[in-house]
Amino acid sequence: MRRILWVSALAALAGTAAHVGLAHAAGALEGQVDRQALNLAAIVMFFLFVIGTLGITYRAAMQTRSAADFYAAGGGITGFQNGLAIAGDYMSAASFLGISGLVFASGFDGLIYSIGFLVGWPVILFLIAERLRNLGKFTFADVASFRLEPTSIRILSATGTLVVVAFYLIAQMVGAGKLIELLFGLQYLYAVVIVGVLMIVYVAFGGMKATTWVQIIKACLLLAGASFMAIMVLVRYGFSPEAMFADAVRIHPRGDAIMAPGALVSDPVSAISLGLALMFGTAGLPHILMRFFTVSDAQAARKSVFYATGFIAYFYILTFIIGFGAITFLMTDDSFYHAGPGGVINRVGGLIGGTNMAAIHLANAVGGSLFLGFISAVAFATILAVVAGLTLAGASAVSHDLYAEVIARGRANEQREVRISKMTAVVIGIVAIILGYVFENQNVAFMVGLAFAVAASCNFPVLLMSVFWKGTTTRGSLIGGFLGLLSAVVMVVLSKAVWVQTLGFGEALFPYDNPALFSMTIAFVGIWLFSKMDSSAQAKSEQASFDAQYVRSETGIGAASAHIH
Amino acid sequence: MAEDAHLRVLNSPRFQELVRRRSGFAWTLSAIMLVIYFGFILLVAFAKPLLGMKVGGGVTSLGIVLGLFVIVAAFVLTGVYVRRANSEFDALTDRLKEEVQ
């Protein structure tokens, strides 16, 4: 392991230029990252963020009384604020560092991911958002169980939610631990515990209101920081992207190849499968779907998607510029690299901390150590905000879907349901800390992809079919949904990322990188087929109540004003 | 909702007009988005050299221009939908609500 020693933290606080030195430390462990000396500037700024957000949590806790307050911030979030919060859920550390790192390493290919993440939004707006609001109350299971048998549908939706939350959460926790070890010089375990404890506090005390505001504040900080970096890059080229691209092509070892699609998407099936998972996975992410219940009406829900799409689009354009900026600023400066054998520097993989650190190093290059501290603190805040949203979604699935509907059979009192939700948040936080610890040295990169694949193959088909197809029955949804869930998980386990790279077997049994094309088909065909074959009396009555659901989903007529108390 | 209430809405010409106009619009926009996006993905999969082609005499490639186009198109399409939904469709829904209540 190479250990990086950055300039002393006090000097960093005083704003002196950073000096990057290298020292060698022996005894590398697999999967361990370069740990940096304690970065005080970053820690102080992160500390300020935590103090501020804890203040907000305290205020939110004072105002949170009813279940609607806890799950949906009392419906008091505006369209603009919700747009920022949704964008915040999306602008995770993975997308900020990962995509700019991908652009840094291979140029154009980074754009393929950003576009896939973005294009789900218009489709959610056109087909899902409004109907979700008209039919549901707090979770997407409310919608799917509107006319289907609530107990089994909620078990299915809660399972889908918890599986997505679990994989997403593990990826975030491990990412958080590594990132903080790298950026702050804190030990992995401390970092994981800090993240776990803070997310419990935000969710258990402040509910959706605190979770939303943490997300909004972080989104503003991240957008501001990323804008500054992109502008500093463009200033160097007189705001001419062409000049920036030309310089990058000249500097990058792959030369002109970075302007065209490369090896990231190898075969058409993988390309389409990835596209489907990215596009429709978004429409099945429980922590995102919950956000549509935090605004006052359908108009605000639509506006929030419009703003969110705008912010996310802007953010991805920024990460693209940041990635190219990293090529032109970093690849010409040896101090950002550690040399390989014989003093040869690999201009891509040799970057200190790996290519995912491209944006962090660029922050140092364009803004000095104080700005580096700012961006590091924002990256930490980003993880915190995203895991808080995930925890709330998981806790709601347990309390609102499993406890209130399945265990208490709809007779739970509201206070007790909220209390269960808070307790679940504590349990999820503790489990997340343990899993984060257990998975420290595992390759978890596939887990976000798996979360998207499950969301696209279980939650999304069940939601879509129950709302759009009259023939959908409980039995059909159950079998199709579970088949989608199972097939997505099994195919990911048998694919290269897990079977070969994680479990160490020789040959991948599933040849493609992403299962969505197959698992989504299985889910949709399953729901259709088993609904068709279902001739029970229950199925008849479920199909007969489609009209009432249809009227309400299209107009909102009959919906109780669940969001205002 | 009472049994007859939703039937009254269902059979109302205003409801049928709302649903027809809105679904037509929403599905058309969804189709446009899908065609643009999967068109792009298929080009990435099958026509890598085409996307690497230079535009404007510099190093900027067709792929980058098209990629930015997809991003902008996603944003514009949501804007187009929200504009029409928040005026026309909401007005229709409000009138429908007055009618049945």
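Cβ atoms are placed via backbone N, Cα and C, with glycine included.
In TrEMBL, annotation is done automatically, which means it is predicted and not curated.
As recorded in TrEMBL:
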- A:1-25: signal peptide (SIGNAL)
- A:41-61: transmembrane segment (TRANSMEM)
- A:82-105: transmembrane segment (TRANSMEM)
- A:155-176: transmembrane segment (TRANSMEM)
- A:188-207: transmembrane segment (TRANSMEM)
- A:219-239: transmembrane segment (TRANSMEM)
- A:271-293: transmembrane segment (TRANSMEM)
- A:305-331: transmembrane segment (TRANSMEM)
- A:371-399: transmembrane segment (TRANSMEM)
- A:420-439: transmembrane segment (TRANSMEM)
- A:445-469: transmembrane segment (TRANSMEM)
- A:476-495: transmembrane segment (TRANSMEM)
- A:515-531: transmembrane segment (TRANSMEM)
Within-chain partners of the transmembrane segment (A:445-469) [C-beta distance under 8 Å, separation at least 6 from its ends]: 94, 127-128, 131-132, 135, 140, 143-144, 146-148, 153, 156-157, 159-161, 163-164, 167-168, 170-171, 276-286, 289, 476-477, 480-482, 484-485, 487-489, 491-492, 495, 497-498, 502, 513-516, 519-520, 522-524, 527-528, 531, 549, 553
For the transmembrane segment (A:420-439), sequence-distant contacts whose Cβ falls under 8 Å of one of its Cβ atoms, 6 or more beyond its ends: 70-71, 165-166, 169-170, 173-174, 176-177, 189, 192-193, 195-197, 199-200, 203-205, 387, 391-392, 394-396, 398-400, 403, 412
Leading contact stretch, A:188-207, A:271-293, A:371-399, A:515-531 vs the transmembrane segment (A:219-239) - CB distance under 8 Å: A:371-399
The transmembrane segment (A:188-207) in contact with the transmembrane segment (A:371-399), cutoff 8 A, at least 3 CB pairs, sep 6+: yes
Closest-packing stretch to the transmembrane segment (A:476-495), where packing means Cβ pairs under 8 Å, from A:41-61, A:82-105, A:155-176, A:305-331: A:155-176
Result, the transmembrane segment (A:515-531) in contact with the transmembrane segment (A:271-293) (3+ CB pairs under 8 Å): yes
Beyond the flanks of the transmembrane segment (A:371-399) by 6 or more, those residues with Cβ under 8 Å of it: 12, 18, 39-46, 48-49, 71, 88-89, 91-93, 96-97, 138-139, 141, 157-158, 161-162, 165-166, 168-169, 172-173, 175-176, 179-180, 183-184, 195, 198-200, 202-203, 207-208, 210-211, 214-215, 217-219, 221-222, 225, 228-229, 286-287, 290, 359-360, 363-364, 417-418, 420-422, 424-425, 428-429, 432
For the transmembrane segment (A:155-176), distant same-chain residues with Cβ under 8 A (at least six beyond the ends): 92-94, 139-141, 144-145, 191-192, 195-196, 284-287, 380, 383-384, 386-387, 390-391, 393-394, 397-398, 401-402, 406, 428, 432-433, 435-436, 439-440, 442, 444-445, 447-448, 450-451, 454-455, 458-459, 462, 477-478, 481-482, 485, 489
Considering the transmembrane segment (A:82-105), which listed stretch of A:41-61, A:305-331, A:515-531 counts the most C-beta pairs under 8 Å: A:305-331
